[in-house]
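S.K.: Please find one structure pasted underneath; my questions will follow.
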């Protein structure tokens with residue numbers, strides 16, 4: 001968006017704060033419904049950050065897929081669960097939590113050290129070796145469609161099969 005710098009910075013800080021608070025709510029809230037709603041807040045803040053960075057197609061995809069489908073499915077699944085079984089054996093800290101914290105911290109540190117050294121310009125504009133897409137010739141939506149039907153056809157189909165299996169599993173669980 002073409003916003004004044006002060007408004008852009010304010011929105012960036014506001015959405016970043018919402019993102020941090022929502023993600024802390026996902027992890028720290030003990031009620032699964034509140035945790036799922038915090039996940040929805042986090043995903044909406046991410047899509048608004050995409051809008052702020054002029055990635056409107058990615059923002060629309062984020063809202064439709066994650067907030068509109070995945071988060072609704074999570075809330076639907078949480079409402080079918082029996083809530084009493086989660087509060088019987090509640091421990092504040094376990095060995096698995098410590099191991100998970102160590103693994104996540106090491107992944108976070110490796111990402112923080114790797115991301116600034118990456119040449120993102122070459123990754124974004126180069127599709128195959130020695131082939132560069134001209135920005136003025138085709139729009140971003142057409143580029144995404146071309147990539148999904150050529151370069152990323154197999155991963156796209158594999159993801160659709162995985163989602164179909166998850167949908168069938170959800171139907172089987174709901175019928176029981």
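Our numbering is plain: 1 for the first residue shown, then up by one each step along the chain.
Glycine residues also receive a Cβ, built from the backbone N, Cα and C atoms like all the rest.
What Swiss-Prot shows for this protein is this:
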TRANSMEM  10-30  transmembrane segment
TRANSMEM  32-52  transmembrane segment
TRANSMEM  63-83  transmembrane segment
TRANSMEM  92-112  transmembrane segment
TRANSMEM  152-172  transmembrane segment
S.K.: Same chain only, please: residues at least 6 beyond the ends of the transmembrane segment (152-172) with a C-beta under 8 Å from a C-beta of the stretch. Say none if there are none.
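M.R.: That would be 73, 77.
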S.K.: Using a cut-off of under 8 Å between C-beta atoms, tell me which stretch among 10-30, 32-52, 92-112 contacts the transmembrane segment (63-83) the most.
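M.R.: Between the candidates 10-30, 32-52, 92-112, the best contact partner of the transmembrane segment (63-83) is 32-52.
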S.K.: For the transmembrane segment (32-52), what are the same-chain contacts with Cβ under 8 Å, counting residues 6+ beyond its ends?
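M.R.: Tertiary neighbours of the transmembrane segment (32-52) are 1, 8, 11-12, 15-16, 18-19, 21-26, 58-60, 62-63, 66-67, 71, 74-75, 78-79, 81, 83, 86.
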